[in-house]
Every structure is written in C-alpha cells, then in structure tokens.
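Asker: Got a structure for you, written out below as structure tokens; questions coming shortly.
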Amino acid sequence: MLRERQKLCSFPQRVRAEVVSNRYVKANCYKLVLKPEFPFSNAEPGQFIHIRVKDDFSPLLRRPFSISGARSEGIEIIYKVVGKGTKILSEVKKGDRLDILGPCGKGFSILEGAEKHLLIGGGIGCAPLVFLTHKITEKVKNKTSILVFLGFKKAEDIICQEEFKGKNIILHIATEDGSYGYNGLVSSLVEDYLRKLPSLSRLKIYACGPREMLKTVARLSFDYSIPSEVLMEEIIGCGVGACRGCVVRGTTGYLRVCQEGPVFDVKDILWT
C-alpha cells in the first residue's frame, strides 16, 4: 500500500509566488492566498507547500504549510502565528513574492465507495480538511455524507466554520472547556458518534491534529475496523526527503513525513 502511494507523488517544484492576499482570520490565524508562477492544479488535499518566509535566510529553514485550497486564482493556506517564521509570514503584503516549494508529499486518498466520510480536525489541523471537503464533494457529488468533527480549546479559538458549510456537509464542534458545542475532546465526540451508528460499513476516517488525537483516531480505526488516514505534523527541513529530519516510526521502519507522508494509513504507523 505504501509503495503504491509513493508512485503518486510528482517531484515538487521551486517557484516564485505572488501574494494575492494575507488576511487575519481570528485566534492568531491568517489565510494566505498565493499565485505561483505556474498553477498547482495537481495539488491534492494533505499535501503541503514549503515556504521561505524571508529571502535573507533568516530563519534558515523553510516552513511547511498544508494546502487548504487550490484553484485557478491560486493556492490557499490557513496558518497560525506560533513563532518567528509565522510571525514574519503574517507581515507579508499583497504583491510581495515568496520562494515556495511544492506541492510536497502525499495527500489523502478519497474512498469513492464510502457512504460517510468522517473528517476529524484538532485546532489548526482543520485547515487541510477544508481542501479535502471540496475534493470529496467534487468527486462523489451527492452520493455521500461528509461529517466534519472539529476540536478546539475554547469557543474563541474556533475557525473555519464558514468553510465547512455546504450540501451534504454536517459540522460538529467540540471545545475542551464546554464553551461551544460538545464538552470535551473531539476524539470523544467521534467515539460517541460511532457507538450510536447502526452500521459501520462503508465509512472512512481522515484526520489531522495533535499527535495524541491522531493516536486516539488510530485506536478507533482498529477497534471499529474503519479504514483511516492521518496527516502527521513534524519539523521538516529540506522537504524532499534528503535530510531525513522528519521521520516517524512506521511498521516497516522509519518513514519520512515529507515523502512517504505527511498522510499515512494508520496501519503504517507505530503508535506505541
């Protein structure tokens, strides 16, 4: 399975991209729209772009960002300011040009025969699921239900509600302090939902978020025999698999997040 998925990735291209917009959303999060020198029409949900946030190599390493949208007018990312690199990125203006590498890595594989697609996002991990929702809608049209489960610390942290509105899309939100929606972890909300389903056939789970959340998703996948994929987040150096600085432990050895991932079948990862 892993070898078959490796064949799907075309080598990422290094290009200049013009900033179309860089808009503050909320909760220290921004939406950046870029217009690359050539369209990233082959981008898949789960793939990422590697951005050099400043041409003077300070910081030295590029920063990886999951693609939250790809269309004719450009590619979108939704990011949270958490350090020096993202702080610099938040200050770029319309018309600025950035050095980017992409699309990088392996994306999600959509199970077209599924009746229900369960998308689970924790915090900023909801960003790549926006793109995935659009792709599922395009591929399967009205033949399926898309159930989106998002988890946040508190109501003030909630983002992307508008992006998950649409026909056949059902959005569930959990907050850890109970200030909005389900009171508790999003993984607990998903487990409660699965327990109540009369049938668990023809489901697929796609998830992105903190490691502990993904570990729980993997357990649910095994317990309920549901095919599942997760997007793993690690510090990425080169973005093309050469430095091997972003590895995770897999069932067949160490796996590079930037090449064999960032999306993995839960069966390919060692969760202990």
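Using N, Cα and C of the backbone, Cβ positions are placed for all residues, glycine too.
Sharing the feature lines straight out of TrEMBL:
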type    : residues                                 : note
DOMAIN  : 12-110                                   : domain 'FAD-binding FR-type'
BINDING : ARG63, PRO64, PHE65, SER66, GLY85, THR86 : FAD binding site
BINDING : CYS238, CYS243, CYS246, CYS258           : [2Fe-2S] cluster binding site
Asker: Might you list, by sequence position, any residue in that chain lying six or more from GLY85 (FAD binding site) with a Cβ less than 8 Å away from its Cβ?
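Answerer: GLY85 (FAD binding site) has long-range Cβ partners VAL53, PRO59, LEU61, ARG63.
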Asker: Fill in the CA-CA distance, CYS258 ([2Fe-2S] cluster binding site) to PHE65 (FAD binding site), as an integer in Å.
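Answerer: Distance (Cα to Cα, whole Å): 11 Å.
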Asker: Have a look at the binding-site residues PRO64, PHE65, SER66, THR86 and say which one has the shortest Cα distance to CYS238 ([2Fe-2S] cluster binding site).
Answerer: PRO64
Asker: Sequence gap of 6 or more, Cβ distance under 8 Å: name the residues on the same chain that satisfy this around CYS246 ([2Fe-2S] cluster binding site), in order along the sequence.
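Answerer: Correct list: GLU234, ILE235, ILE236, GLY237, ARG256, VAL257, CYS258.
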Asker: DSSP on CYS238 ([2Fe-2S] cluster binding site), three-state: which is it?
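Answerer: Reduced to three states, the DSSP call for CYS238 ([2Fe-2S] cluster binding site) is coil.
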Asker: If the FAD site is taken as the center of the Cβ atoms of ARG63, PRO64, PHE65, SER66, GLY85, THR86, which further residues of that chain fall within 8 Å of it by their Cβ?
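Answerer: Same chain, not in ARG63, PRO64, PHE65, SER66, GLY85, THR86, Cβ within 8 Å: PHE48, HIS50, ILE51, ILE77, TYR79, LEU89.
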Asker: Can you tell which of SER66, THR86 has the most other C-beta atoms within 10 Å, given these are the binding-site residues?
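Answerer: That would be SER66, with the highest Cβ count within 10 Å.
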Asker: For the domain 'FAD-binding FR-type' (12-110), DSSP counts of helix, strand and coil?
Answerer: 6 helix, 50 strand, 43 coil
Asker: Rounded to the nearest angstrom, how far is the Cα of CYS243 ([2Fe-2S] cluster binding site) from the Cα of SER66 (FAD binding site)?
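Answerer: Their Cα atoms are separated by 20 Å.
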Asker: If you measure from the Cα of CYS243 ([2Fe-2S] cluster binding site), which of the binding-site residues PRO64, PHE65, THR86 is the nearest?
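Answerer: For CYS243 ([2Fe-2S] cluster binding site), the closest Cα among PRO64, PHE65, THR86 is found at PRO64.
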Asker: So around the [2Fe-2S] cluster site, CYS238, CYS243, CYS246, CYS258 aside, which residues have their CB within 8 A of the centroid of those CB atoms?
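Answerer: Near the [2Fe-2S] cluster site, the remaining chain residues are ILE236, GLY237, GLY239, VAL240, GLY241, ALA242, ARG244, GLY245, ARG256, VAL257, GLN259.
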Asker: State the mean pLDDT for the domain 'FAD-binding FR-type' (12-110).
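Answerer: That stretch averages a pLDDT of 94.
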